[in-house]
Amino acid sequence: MVVLKVCLVLLFLVGGTTSANLRLSKLGLLMKSDHQHSNDDESSKPCCDQCACTKSNPPQCRCSDMRLNSCHSACKSCICALSYPAQCFCVDITDFCYEPCKPSEDDKEN
């Protein structure tokens, strides 16, 4: 039992001194700051299907799309639930909405 406690303490000490930009919040969420993507596939392109903006000038917009395992490539502050697969959303506030990820019904008909 003592060995287990010592191992856990060492794990926290080593984990706390690394320079990774990850934080565990009180809500069981993993916060990634300035995360980097190793691939530039379709899912990492900045886009948003569920964007809401305030009526202020300039507007303050936030995307509420949920993505698996990471946020889009332009996201500066990504929060991921500690689940498998991780469900992530970007908490950045911008003054615009990104292009939609999915084509609208009108686009499909043309």
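Quick reminder: no glycine exception, Cβ is built from N, Cα and C everywhere.
These numbers come from a predicted model, not from an experiment.
Feature list (source: Swiss-Prot):
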- 1-19: signal peptide (SIGNAL)
- Cys47-Cys101: disulfide bond (DISULFID)
- Cys48-Cys63: disulfide bond (DISULFID)
- Cys51-Cys97: disulfide bond (DISULFID)
- Cys53-Cys61: disulfide bond (DISULFID)
- Cys71-Cys78: disulfide bond (DISULFID)
- Cys75-Cys90: disulfide bond (DISULFID)
- Cys80-Cys88: disulfide bond (DISULFID)
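Structure with Swiss-Prot features highlighted.
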residue: Cys48; record: disulfide bond; Cβ contacts under 8 Å, 6 or more apart: Cys63, Asp65, Cys97, Tyr98, Glu99, Pro100, Cys101
residue: Cys51; record: disulfide bond; Cβ contacts under 8 Å, 6 or more apart: Cys61, Arg62, Cys63, Ser64, Cys97, Tyr98
residue: Cys90; record: disulfide bond; Cβ contacts under 8 Å, 6 or more apart: Cys63, Asp65, Cys71, His72, Cys75, Lys76, Ser77, Cys78, Ile79
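Cys47 (disulfide bond) counts 18 other C-beta atoms within 10 Å of its own C-beta, drawing on all protein chains shown. If you count neighbouring Cβ atoms within 10 Å for each of the disulfide-bonded residues Cys88, Cys101, the highest count belongs to Cys88. Cys47 (disulfide bond) carries neither a helix nor a strand DSSP state and counts as coil. Here the CA atom of Cys88 (disulfide bond) lies 14 Å from the CA atom of Cys47 (disulfide bond). Cβ contacts within 10 Å of Cys63 (disulfide bond), excluding its own Cβ and spanning all protein chains shown: 25. Just so you know, of the disulfide-bonded residues Cys78, Cys97, the Cβ with the fewest other Cβ atoms around it within 10 Å is the one at Cys97. Here the C-alpha separation of Cys80 (disulfide bond) and Cys53 (disulfide bond) works out to 22 Å. Comparing the disulfide-bonded residues Cys53, Cys61, Cys71, Cys75, Cys80 by how many other C-beta atoms lie within 10 angstroms of each C-beta, the top residue is Cys71.
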